[in-house]
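Trainee: Right, I'll just put the structure down here and ask away after.
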Ligand SMILES: Nc1ncnc2c1ncn2[C@@H]1O[C@H](COP(=O)(O)OP(=O)(O)O)[C@@H](O)[C@H]1O
Ligand SMILES: CC(=O)OP(=O)(O)O
Ligand SMILES: [Mg+2]
């Protein structure tokens, strides 16, 4: 089989995650992260051939600069000759896309149109697409949408109880995100736990900077906690998750906030950061909690309580549970959060096994419940990059 590599790009609002992967084996040849873009201390960290490096980027460096640096690295390490495609994570695909797409001017128009529904994510994704097209004009570029996996949700799960015309005319509905991750970990859970793919009831909790929960019945998403935008649902690092929509009126009309300020509060100043008044980073919160910081403890308590409530709610669409998956940076590493969430679910006869819970960290996959629990909780490291790589390679091969 010929060597085939894919460049995977995940552009966040102030970051760029990237990987050059082998499309046949999934091996990562180059991985990295450019962060704090648009600020004075933008950096690009990468790992190549087992060695880690950090490059300072010019002050105020943007996605274009980060991709230019990445292109230089790819050249220096002679990684371009086997590239067959560039795969892009695109957060919002609206209702149009139920699967990945080769990027054409029409697809770019569609992503641009949905940008108003994901103002923190889609504009950055588009910047990444344009920069990669300029750097690799000869390669097929593929968009892999966070929303695609959730297009199987039934209408009663994705519609809000709002005037129907808002849906018909403006696409106001629940879309859901992190679909690539939920799809990957649920497939892995079915494989690792030996479940019957066509008769399985799985809840997946993706807990990273953004957090969402997904109910997956027989391999298909039937409900998920994020909605029109990635703000709805459970508590996140800086996002509030569900709130009373009446809050908007109170903050604007009573307290005088502008609507952009309300959006900033809900998206960037809330969640773990807002409650703890300390950090959005779960590690910092956990350290402060262990050291006796009451607000850090409260932030963890609210996070876990809300998460457990969301998980329990999905017993309705699933009518039972075979496996509960924890993934994302928090789900894969925080034994504290997993134990607290499972303690709330003890009434379901699901009980954490403390030793297994401690073992399943730092990239280790594992079941963390006792053998007699009615359903298994399992930690599965996500790999959105591998899903994006496989889709990009599949579509690129269809073209050539
Ligand atoms: N050892 C750890 N213990 C607790 N939380 C962790 C640990 N390692 C990473 N995290 C948390 O994971 C979160 C980031 O998750 P990640 O999936 O990397 O984010 P992203 O959504 O950007 O991909 C942060 O809140 C971070 O604190
Ligand atoms: C959709 C979303 O919330 O993505 P992230 O977790 O990367 O912010
Ligand atoms: Mg991640």
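Along the chain as shown, residues are numbered 1 onward.
Positions of Cβ are set from backbone N, Cα and C atoms, glycine also.
Values in this document were obtained by computation on a predicted structure and should not be read as measured data.
Look at TrEMBL and you will find 10, 384 tagged as Mg(2+) binding site. Under the heading ATP binding site, TrEMBL lists 17, 206, 207, 208, 209, 210, 281, 282, 283, 329, 330, 331, 332, 333. Marked as substrate binding site by TrEMBL: 89. Residues or ranges marked as active site, proton donor/acceptor in TrEMBL: 146. The site 'Transition state stabilizer' annotation in TrEMBL covers 178, 239.
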Trainee: For residue 209 (ATP binding site), what is the secondary structure state per DSSP, taken as helix, strand or coil?
Mentor: coil
Trainee: So which one is it: of the recorded positions 146, 281, 332, 384, which has the fewest other Cβ atoms within 10 Å?
Mentor: 281
Trainee: Given residue 89 (substrate binding site) and residue 332 (ATP binding site), what distance in Å do their CA atoms have, once rounded to a whole number?
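Mentor: If we compare the Cα positions of residue 89 (substrate binding site) and residue 332 (ATP binding site), the gap is 21 Å.
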Trainee: What whole-number Å value do you get for the CA-CA distance of residue 10 (Mg(2+) binding site) and residue 332 (ATP binding site)?
Mentor: 20
Trainee: For the recorded positions listed here, 17, 89, 178, 239, 283, which shows the highest count of neighbouring CB atoms within 10 A?
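Mentor: Highest number of other Cβ atoms within 10 Å: 178.
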Trainee: Going through the binding-site residues 89, 209, 330, 332 in sequence order, which have a CB under 6 Å from an atom of ligand 1?
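Mentor: Those binding-site residues that pass the cut-off, since their Cβ is under 6 Å from ligand 1, are 209, 330.
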Trainee: Could you measure the widest C-alpha to C-alpha distance across 17, 206, 207, 208, 209, 210, 281, 282, 283, 329, 330, 331, 332, 333, the residues recorded as binding ATP, and give it to a whole number of angstrom?
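Mentor: If we measure all Cα pairs in 17, 206, 207, 208, 209, 210, 281, 282, 283, 329, 330, 331, 332, 333, the largest is 20 Å.
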Trainee: Want to know which recorded positions, from 146, 281, 283, are within 10 Å of residue 178 (site 'Transition state stabilizer') at Cα; which are they?
Mentor: 146
Trainee: Nearest by CA distance to residue 17 (ATP binding site): which of the recorded positions is it, out of 146, 239, 384?
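Mentor: So, of the listed recorded positions, the one sitting closest to residue 17 (ATP binding site) is 384.
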Trainee: Within the set 207, 209, 283, which binding-site residues show a CB-to-ligand 2 distance under 6 A?
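Mentor: By the Cβ criterion, which requires under 6 Å to ligand 2, the hits are 209.
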Trainee: Rounded to a whole angstrom, what is the C-alpha distance between residue 283 (ATP binding site) and residue 239 (site 'Transition state stabilizer')?
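Mentor: If we compare the Cα positions of residue 283 (ATP binding site) and residue 239 (site 'Transition state stabilizer'), the gap is 17 Å.
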Trainee: Taking only the recorded positions 146, 207, 209, 239, 332, which one has a CA atom nearest to the CA atom of residue 384 (Mg(2+) binding site)?
Mentor: 146
Trainee: Could you state the CA-to-CA distance between the residue listed as 'active site, proton donor/acceptor' and residue 207 (ATP binding site) to the nearest Å?
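Mentor: Roughly 15 Å, rounded to the nearest whole number.
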Trainee: Among the binding-site residues listed here, 10, 209, whose Cβ has the fewest other Cβ atoms inside 10 Å?
Mentor: 209
Trainee: Measuring Cα to Cα, how far is residue 239 (site 'Transition state stabilizer') from residue 332 (ATP binding site) in Å?
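Mentor: Their Cα atoms are separated by 20 Å.
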